[in-house]
Amino acid sequence: MLNIGIFFGSKSVEHEISIITAQQVLSSIDRKKYNVIPIYISKSGEWFTGKVLEDLETFKDFDKLEKKAKKIDSFSVKNNKLLLKYGLKKQTIDFCFLVFHGTNGEDGTFQGMCEIFGIPYSGCNHFSSAFTMDKVVTKLLLKEKEISVVDFEYTTEINEEFFKRCEKNLGYPMIVKPARLGSSIGVSKVVDRKNFEEAVKNVLLFDNKVLVEKWINAREINCAVMGYKNIFVSELEEINKKNDFFNFEEKYFKKGKKFSNHIIPARIDENLKNKIKEIAKDTFKILECSGNVRIDFLIADKIYVNEINTIPGALSFYIWQKSGFTFSQIIDNMINMGLERFKDKKIVSIDTNILKIKVGK
């Protein structure tokens, strides 16, 4: 039986969202197939494990969490396995199932560690995770491949020239957002210069790279894509938004309306549905994704790819359920795809005695 480590939390403004997704995974994973080990990374970077981490109430008081959970003192790697040490005990991890959202987890950092240590893991590889985390890099690449994206500007240097360039090239209203965050955190719609400057200040609380997009009156359609060698595309989800865009409050703080904003299948004709699915598959391939990804679209005069989520909230299970997959099947597929990718890795070292060769001056 495989020892599956469920990794979540980490130093991210989406920390709490990661905890929620992890609880859903922990309650849905098939424990007849896997030995499940929850591993929580705190906002300060400390690692914890223990059964207590499977209770959402544990995370409401960090002082109690520290006392109840087992703090991991150190870890090492042997034979493509992660060895965790806490007190006098050790725990072997055969596979890292990643449920991070945002920076220091979803962005290729943890994936890179797994690559260096030679440990199999779920989701996109370190390369794909890193550049899809940056909305600007993603848009530039998709645009190069003739995938439609909304007109945009970006900067890491806030000055008058940037404000004027956006006003000239995009015009009001505009959408201002952090380039490397998800969950709609820090996103604002601006209608004048005062709004614009305030929105940029807000973004700078979260990220030093600002993305500004032309606002368009569009329908929001989402699509989940899962695969490694064989690619599956889900039913389409329509967001029934109350505001001009689906913001953080609507996503997570509408009591009693957990998924009432999600209309599945989307209310669109078959021809448009097929076009969106084809673009979703193309985007997945262009960005070299693997695992389970959600691609968000804006539908107006064109089909625009808006954002890519390489570890989507709740693993997009609510979309996949409408496509015939249970939550546990989604988890199984992600584990199997991660293991298959690990087996397919190319040889990265060769035997050589080059260091024994004498090199003349």
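Just so you know, glycine gets a Cβ as well, placed from its N, Cα and C.
Listed features, source Swiss-Prot:
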- 139-336: domain 'ATP-grasp' (DOMAIN)
- 167-222: ATP binding site (BINDING)
- Asp296, Glu307: Mg(2+) 1 binding site (BINDING)
- Glu307, Asn309: Mg(2+) 2 binding site (BINDING)
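Around Met174 (ATP binding site), taking its Cβ as the centre, 22 other Cβ atoms fall within 10 Å, counting all chains. If you count neighbouring Cβ atoms within 10 Å for each of the binding-site residues Leu181, Ile216, the highest count belongs to Leu181. Of all the binding-site residues listed here (Asp296, Glu307, Asn309), Glu307 has the Cα closest to the Cα of Asn202 (ATP binding site). Neighbour list (Ser188 (ATP binding site), Cβ cut-off 8 Å, at least 6 residues apart, same chain): Ile175, Val176, Lys177, Asn195, Glu198, Ala199, Asn202, Val203. Rounded to a whole number, the distance between the Cα atoms of Leu181 (ATP binding site) and Glu307 (Mg(2+) 1 binding site) is 11 Å.
Between the CA atoms of Ile216 (ATP binding site) and Asp296 (Mg(2+) 1 binding site) there is a gap of 15 Å. Between the C-alpha atoms of Lys209 (ATP binding site) and Asn309 (Mg(2+) 2 binding site), the distance comes to 18 Å. If you draw a 10 Å sphere around the CB of Lys209 (ATP binding site), it holds 18 other CB atoms from the protein chains shown. Within 10 Å (C-alpha to C-alpha) of Asp296 (Mg(2+) 1 binding site) lie the following binding-site residues from Met174, Leu181, Asn309: Asn309.
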